[in-house]
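Annotated features, as they stand in Swiss-Prot:
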- 1-21: signal peptide (SIGNAL)
- 45-199: region 'Metalloprotease domain' (REGION)
- HIS155, HIS159, ASP166: Zn(2+) binding site (BINDING)
- 306-476: domain 'VWFA' (DOMAIN)
- 870-893: region 'Disordered' (REGION)
Amino acid sequence: MGLFRGFVFLLVLCLLHQSNTSFIKLNNNGFEDIVIVIDPSVPEDEKIIEQIEDMVTTASTYLFEATEKRFFFKNVSILIPENWKENPQYKRPKHENHKHADVIVAPPTLPGRDEPYTKQFTECGEKGEYIHFTPDLLLGKKQNEYGPPGKLFVHEWAHLRWGVFDEYNEDQPFYRAKSKKIEATRCSAGISGRNRVYKCQGGSCLSRACRIDSTTKLYGKDCQFFPDKVQTEKASIMFMQSIDSVVEFCNEKTHNQEAPSLQNIKCNFRSTWEVISNSEDFKNTIPMVTPPPPPVFSLLKISQRIVCLVLDKSGSMGGKDRLNRMNQAAKHFLLQTVENGSWVGMVHFDSTATIVNKLIQIKSSDERNTLMAGLPTYPLGGTSICSGIKYAFQVIGELHSQLDGSEVLLLTDGEDNTASSCIDEVKQSGAIVHFIALGRAADEAVIEMSKITGGSHFYVSDEAQNNGLIDAFGALTSGNTDLSQKSLQLESKGLTLNSNAWMNDTVIIDSTVGKDTFFLITWNSLPPSISLWDPSGTIMENFTVDATSKMAYLSIPGTAKVGTWAYNLQAKANPETLTITVTSRAANSSVPPITVNAKMNKDVNSFPSPMIVYAEILQGYVPVLGANVTAFIESQNGHTEVLELLDNGAGADSFKNDGVYSRYFTAYTENGRYSLKVRAHGGANTARLKLRPPLNRAAYIPGWVVNGEIEANPPRPEIDEDTQTTLEDFSRTASGGAFVVSQVPSLPLPDQYPPSQITDLDATVHEDKIILTWTAPGDNFDVGKVQRYIIRISASILDLRDSFDDALQVNTTDLSPKEANSKESFAFKPENISEENATHIFIAIKSIDKSNLTSKVSNIAQVTLFIPQANPDDIDPTPTPTPTPTPDKSHNSGVNISTLVLSVIGSVVIVNFILSTTI
């Protein structure tokens, strides 16, 4: 992802804050530059293209009406796999690739579960990552279960573009309303239907009334909500867009604040329409007075990769070993990273530019060696970036009349006052510019080039032991190559050693990789002693030593052995800087490798605004849980901040166990560029695959009520959501690019960061006490320890949300906060209870740090005290077992709630729900 600073291009860049790879623009009410990518694993079927066009066209009209004539789809690019046959209609893509996909058409995440979903791991109101549709869904084979694809696309689009959430909750499909009835979680509450148990076996089906679980006092897990086929209710698209009458989003009038929907949980009980109407899209448009035109489609077919290296050999590259380090990284790129079949050329530049290699198609090591021989050897002259770029365009143009989709890989360590003069040419070229900035002085204008062309931007310091240059080049794999063909980094580390010390460690090669495994060693002064053993203890020899470039490398033939590889490197100079990089490719094209993708939530930021680090670990589209994930954030002065990333659903992490590991970053040390690198390690019996459907998936409709009878849809394949597959040991590293921070004051930084919001507050009951549990926040967001907690209760959700300080306070004298990310528990006993038929108690927490900074109000936990009113026959005799929580005896406090009306007649049953507020 390209980065930028607002010096030369302040007016252009001031709105481009978020680290989002999408190119979608809103222009005169129409969404432009939407990219829909068909995954290479999808078998060729031209009907898929036809159905995509039909889906978007239908969706455009539906979206236009649903948004009060504000938005429609203007133009869409469909990216077709390279392995599909040629067609005269297909053009070569420009910046469109998998990295910039807004919609991905791919096989289901889990076999047989064609569930559409939107990948979201940020807060309410923030854009999602991408939409995932399956081929069968687009081909209309799942219409009964999910509704027409056009309406479904609008449902998912609202996730993607406006950051709203579903108005149902499969984890809490029912709730007890204030009316004392059990209701299906939905919006609006006016959607009618029946709650039934419907099971089929053999050729017969049985329908019966739902039974109440004696523990939860809600319907059992086998109960489902079957909507009436004929409805009059118009809302909501984020509940069941498949209902014919539904044409609107829930608004303030129709929104159901009682339901434990994900929209309520994540969006502070605001309606979906309220979130949408507060978006920049909404604020910057007015309703149209005429119907919109139909969408325009571009059919683009992936073709062979074309890349030209544009390398700085100016005089400044002679300092700090920069030229040699660039050559080491470029050789690694040419030897290992760039894929077979790619076309590669090379240009050098200083005050002028020189074509060194015209495009060569890589078929074997011969072409790779030819290109390596052309790397620069002597630094001299000034810096003319535009000369280098123009010569790269010339190299590409000699073989291809159009530059569309070709890549320019530009490395420079200097500024060029004339670089901005070729920005328009770059923008119009159709080429992609990747920029590696080496050192503090690298040019700002080129950052803008990478941004507008869809390229990547990396910052690399002069601290060789951080291995930043090799990491940056290694991250520049093709954006459109099948994942099985991509080079994956298993290890990247370095040390500066004294007294001829050793650098010893291990590298794990798991069974998902092993093909084209490549070990690279670099040094600063003298070749080290190198020893490498495979998992069986066999020593690996025959390293190729390149004394000129101060590197040695070894390619493992065939598929490398699975297991732990050990290495010993002994420095022969004092001091000495050594690095090791290990890369590999998928062992089997039919088994997706484990991957790590890292990013920041923003590309540009200003103090004191916090940033968030994200690292997503997947095997295919299935999340990997239980990994140890560490982020390394390096500033321009070489200082590295180390953060443990967590997938615990607390602090910066939006969803627990979704394979996205997150953490706040606030340890700014200076103004300027920072780089991100992530290391992930999964140990045996700790890392595992979570075999559960993806989050934020569209609601599956089990069937319809037609003329009073249930017409069932085919049942979904059953998956035990607690099923997990334990993974073997694995290791991965990944570069997350660069970001820019400004307005950082002199150190030490003032304390401006409150504790992070508690988002996982839970309430249960033990005997006569209410037990609260949550994840501890820190003194500064999720670091350190808070000073104290304030717990308040109310009979009204909105009172806690809007007037927390006026609600009744619980005595927390005995509550001693723990370190951030620890589990907290606290028990209190409600007293002086008055009697009514049924009452809800809502509970929320604020945290206060040592500087008296206060967190946002937590999510709101709800307990309900009531007398069961169901007939004894409706009580399920075999309720779902739930563990009895044990209260923390040190955290036991009474609370006088005489002003709060609770209900108790006879025996009291307390049931918990979890709601949320994000103020």
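A Cβ is built for glycine as well, from the same backbone N, Cα and C atoms used for every other residue.
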Exercise for review: Determine the most Cβ-crowded residue among the binding-site residues HIS155, HIS159, using a 10 Å radius around each Cβ and all protein chains in the structure.
Suggested key: HIS155
Exercise for review: Measure from the Cβ of ASP166 (Zn(2+) binding site) and count the other Cβ atoms within 10 Å, all protein chains considered.
Suggested key: 27
Check your understanding: With a radius of 8 angstroms around the mean position of the C-beta atoms of HIS155, HIS159, ASP166, what other residues of the same chain does the Zn(2+) site pick up?
Key -> THR118, GLU156, ALA158, VAL164, PHE165, ILE237, MET238, ASN696, ALA698
Revision key, fill the gap. In the region 'Metalloprotease domain' (45-199), averaged pLDDT is 95
